[in-house]
């Protein structure tokens, strides 16, 4: 077997640690191997061990540079912003009862809105064949229909823009070699989740277009599908934001004390609680549960209303009884703000960097602002501007929780 003879090695210190330099031979034959290089090798020229391995076809590609990581991080930060915009716009669409105005789904065809009077009449006639018009909006005019149609159209077009914001830059960064192996898997998962989110949105809308002869309730989408649609959007948002923060913000070298370990775990549990509270809001919206008891802190004249467990079996109340759904959302909101308050005071007992302290203060401020918005929305019978602000506040609060978790993450050894 032919042996590979290399000249003496020299050490160097680079941005990624200590490495070795190999003097490049004047020709391929001097090293007894073929590097596959198109450039002539000059005597005395050095290359890294990784470069020599690459030329022999036995190495792996170098890790993306810090500048590439920053570019990917900024891209994912923008993507998380577009997802937040989609969630907020979707909330407004739900509040204005516009989500069932477009009764079919086409990926390309529906991108062009109606332009002539005849096209608008045809679109309106399609809407008139479905339960929402027959039961709720039977006296709606064409001008009123155009408003709700454009609301839903804006939400769908924004969703397509979100998909392009993920997929096109991902293909570019992949081709440029700016994604590490682990990041490639994560980006593929994010792009897949975007596509799944679009299909889930139409699956949700279909539930509100179905005829239900046995029901006399107002036509609305399934609260289960609405929660799934919102939940997948929140997962997409959290994953994108977490990844971008991890790439953009340098990690703190914090002493691994028992107090820090408990603080890190408590921050993770609090973030999960905030996520669950935001998700429960989908059931409140889906059942119009915000209009059941418009008083605080009591629900009507009692702390625990009598109709809390009217459905059978009992578990059905958690997801289908508007009174129980509102009660659960209140309870989760109060528990979340209590946990955030405790988390803040725990953080004051641990020596933390300035940026981490700022994240804790920001989270506390957002929590009390969100509770104020929620109570105000309830007492004022859910006005659309205030309710939309409350929904946006849930994203801001979730972002603050993720920021603090990211600040407390462990530095790899």
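A Cβ is built for glycine as well, from the same backbone N, Cα and C atoms used for every other residue.
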Transmembrane segment range according to TrEMBL, out of 311-328, 329-346: 329-346
To which of the residue ranges 358-382, 383-407 does TrEMBL assign the term transmembrane segment? 358-382
Contact between the transmembrane segment (358-382) and the transmembrane segment (187-205) (3 or more Cβ pairs under 8 Å, separation 6+): no
By Cβ distance under 8 Å, which residues at least 6 away from the ends of the transmembrane segment (157-175) in the same chain are close to it? 68, 71-72, 75, 78-79, 82-83, 85-86, 89, 111, 184, 187, 190-191, 194-195, 197-198, 201
Which residues of the same chain, at least 6 past either end of the transmembrane segment (187-205), have a Cβ under 8 Å from a Cβ in it? 76, 79, 99-100, 102, 105, 156, 159-160, 162-163, 166-167, 170, 173-174, 179, 221-222, 225-226, 228-229, 232-233, 235-236, 239-240
State the non-local partners of the transmembrane segment (270-293) in its own chain: residues 6+ outside its ends, Cβ under 8 Å from one of its Cβ atoms. 91, 94-95, 218, 220-223, 226-227, 229-231, 234, 238, 299-300, 305, 319-320, 322-323, 325-326, 328-329, 332-333, 335-336, 339-340, 343, 377-378, 381-382, 387, 391, 394-395, 397-398, 401-402, 404-405
